[in-house]
Amino acid sequence: MTTVDLLAPAKVNLCLHVTGQRSDGYHLLDSIVMFADLGDRIALAPAPAMALTVTGPRAAGVPDDARNLCWKAADRYGRAVSITLDKHLPAAAGIGGGSSDAAAVLRGLERMTGRPPAFDPLALGADVPVCMLGRAARMTGIGEGVEPLDLPPLPAVLVNPGIEVPTPSVFRALPSKHNPPLDPIPEGAAPGVLIDWLATQRNDLEPPARAQAPVIGAVLAALAPARLARMSGSGATCFGLCDSLTDAQALADAIQAAHPGWWVAAVTLS
Ligand SMILES: C[C@](O)(CO)[C@H](O)COP(=O)(O)OP(=O)(O)OC[C@H]1O[C@@H](n2ccc(N)nc2=O)[C@H](O)[C@@H]1O
Ligand SMILES: Nc1ncnc2c1ncn2[C@@H]1O[C@H](COP(=O)(O)OP(=O)(O)OP(=O)(O)O)[C@@H](O)[C@H]1O
């Protein structure tokens, strides 16, 4: 076994329709997911026993024991390993921090051993299967349906106002659990066409998340100069799609200057 380093990229739900609910309470989703060129960094090294060190600017409050999804992923895989998790993404933020970390650990272990996981990654979280793919995809079912999509790279600004929004309470507060699925997706279209189409789709979790964290409204207002501003996942992180990375960086700088306490990043989604 050799040592491996991986990026665990931020996951962004460009749109997210809740189309039903299973008898076990989990919700059926129809969502387009893309990944940023920014995320947590994970280093794996062979070790006689499981070990986890959490470092980085967003390490505060992240568990460094068996509660961490990285640890759970390696444990389920059945391989003791030393993990260094360099945390850059805010937690409980709707950009899949923990899920992307878990998926990166599984991909890293597969690279180290040549053996894919012998269990269903969905067991670690609904976002883990799409994070295993790590590129533009349509997510269906409760997260087990993952179908790659041909979408252009999109410059974007990500903004999190520093409020943790717990995913279960947002799902619980949904007024309607049976909403229409996505319209036919314009695969292969130019960015402008995709953005115009996205403007006609929804994130059904946005109204209940905004009711619990009204600051999401302020984040979307700050992102208004973008071509399209929406919330990701169950919030509170929102994204603004821009025409160029230069535009995205300029908007990110302006938002950061006006809100020094917010987490702001200019990225490319793919
Ligand atoms: C909101 C999304 O981020 C959209 O990509 C995901 O659906 C959530 O993914 P996740 O955080 O990996 O989700 P999990 O850790 O599996 O579930 C957290 C909680 O969210 C709710 N949950 C999650 C996924 C789903 N399809 N239906 C749900 O109702 C459940 O209450 C669950 O207990
Ligand atoms: N590797 C990890 N990184 C961050 N948080 C983790 C990790 N492992 C476990 N946790 C715990 O999980 C909670 C949710 O964090 P996470 O970033 O996975 O959720 P999320 O942003 O809600 O994801 P989603 O986009 O799927 O809604 C945190 O409050 C934290 O205590």
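Numbers here mean position along the shown chain, with the first residue as 1.
Cβ atoms are placed via backbone N, Cα and C, with glycine included.
Remember, TrEMBL labels are computer predictions, not curated facts.
When Cβ atoms from all protein chains are considered, those within 10 Å of K11 (active site) total 28, not counting its own. Residues or ranges marked as active site by TrEMBL: K11 (among others).
Long-range neighbours of D127 (active site) (same chain, six or more residues apart, CB within less than 8 Å of its CB): K11, G96, S99, S100, G143, G233. Under the heading active site, TrEMBL lists D127 (among others).
The ATP binding site annotation in TrEMBL covers P90, A91, A92, A93, G94, I95, G96, G97, G98, S99, S100. The number of other CB atoms found within 10 A of the CB of G96 (ATP binding site), across every protein chain shown, is 29.
The DSSP breakdown of the domain 'GHMP kinase N-terminal' (69-123), given as helix, strand and coil counts, is 29 helix, 6 strand, 20 coil. What TrEMBL records for 69-123 is domain 'GHMP kinase N-terminal'.
The domain 'GHMP kinase C-terminal' annotation in TrEMBL covers 201-258.
Spatially close to P90 (ATP binding site) yet at least six residues away along the chain are R58, G97, N160, G162, E164, T237, W263, judged by Cβ distances under 8 angstroms. Across the domain 'GHMP kinase C-terminal' (201-258), DSSP assigns 29 helix, 9 strand, 20 coil. Taking each Cβ in turn and tallying the other Cβ atoms within 10 Å, the top scorer among the binding-site residues G94, G98 is G94. Sequence-distant contacts (6 or more apart, same chain, Cβ under 8 Å) of A92 (ATP binding site) comprise E164, V165, P166, T167.
Those same-chain residues not listed among P90, A91, A92, A93, G94, I95, G96, G97, G98, S99, S100 yet with C-beta within 8 angstroms of the centroid of the ATP site C-beta atoms are A10, K11, L89, G233, T237.
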